[in-house]
Amino acid sequence: MLKLDAFALTAMFQAVSFCTFIVVLSMGHLFSFKKLFRGFGYAGNGLKAAFRSEQNFRLHTFAALLTIALAFFLRVTVYEWLIIIICIAGVMGAELINTAIEKVCDQVSTEKHPGIQYIKDVSAAAVFIIAAGAFIAGVVIFIPRLLKLI
Ligand SMILES: Nc1ncnc2c1ncn2[C@@H]1O[C@H](COP(=O)(O)OP(=O)(O)OP(=O)(O)O)[C@@H](O)[C@H]1O
């Protein structure tokens, strides 16, 4: 109980310090909430555009929703939730970066080029590695629980 109170106090102190820091920065015109929220808007536009145009991103979104539903159903622990969230964010973030790299390549040249092929293949490989790691984490977390249900 005492430990939790100390934790709560530390968290509150950090939150107040952070808010004070932001207020001081914004007073000195070094931080703008308008800019921050505009940035959220741009990110939202990017998400919508990727969802509309990228099949792989739609697939990852569907897999993420399925994983979250399964995690609720199987009542995973807090630490398992953390791993699941990091995996989902990692895979979807990597997919978006891969898409952005592909678009930059296509802007540079639409013609076949070994350099572009290398960049696109390495970028795709990065997504594959992160997705494979997430898949293995999912197997380790979910399979024992699913086996118990049988
Ligand atoms: N300009 C190019 N020059 C050489 N190879 C290319 C070029 N464009 C694509 N490739 C090859 O084709 C593969 C697929 O590229 P592409 O841009 O179609 O990616 P994708 O994953 O199919 O993405 P999307 O379907 O979202 O456009 C690349 O990994 C690369 O090997």
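Positions of Cβ are set from backbone N, Cα and C atoms, glycine also.
The feature transmembrane segment is assigned by TrEMBL to 6-31 (among others).
With a 10 A radius on its CB, His113 (ATP binding site) counts 12 other CB atoms from all the protein chains. Annotation comment: TrEMBL describes Tyr42, Glu54, Glu102, Glu111, Lys112, His113, Lys120, Asp121 as ATP binding site.
Cβ neighbour count for Glu102 (ATP binding site) (all protein chains, 10 Å cutoff from its Cβ): 16. Annotation source TrEMBL lists divalent metal cation binding site at Glu54, Glu102.
Summarising the annotation, TrEMBL assigns transmembrane segment to 57-75 (among others). Beyond the transmembrane segment (57-75), the same-chain residues lying 6 or more positions past its ends with a Cβ under 8 Å from any Cβ of the stretch are 50-51, 81, 84, 88, 91-92, 95-96, 99, 131, 138, 141-142, 145-146.
Below 8 angstroms of C-beta separation, residues 46-47, 50, 54, 56-57, 60-61, 64, 67-68, 71, 119-120, 123-124, 126-127, 130-131, 133-134, 137-138, 141 of the same chain, each at least six residues beyond the ends of the transmembrane segment (81-101), sit close to that stretch. What TrEMBL lists as transmembrane segment is 81-101 (among others).
Sequence annotations record features per position, and here TrEMBL assigns substrate binding site to Glu95. Under DSSP, Glu95 (substrate binding site) is assigned to a helix (H, G or I) in the three-state scheme. Taking a C-beta cut-off of under 8 angstroms and a sequence separation of 6 or more, Glu95 (substrate binding site) has the following same-chain neighbours: Ala50, Glu54, Asn56, Phe57, His60, Val127.
According to TrEMBL, the feature active site, proton acceptor maps to Glu95.
Look at TrEMBL and you will find 122-143 (among others) tagged as transmembrane segment.
The binding-site residues under consideration are Lys112, Lys120. Their Cβ neighbour counts within 10 Å are lowest for Lys112. Less than 6 Å separates the Cβ from ligand 1 in the case of Lys120, drawn from the binding-site residues Tyr42, Glu95, Lys120 in sequence order. The secondary structure of Tyr42 (ATP binding site), as reduced to three states from DSSP, is helical.
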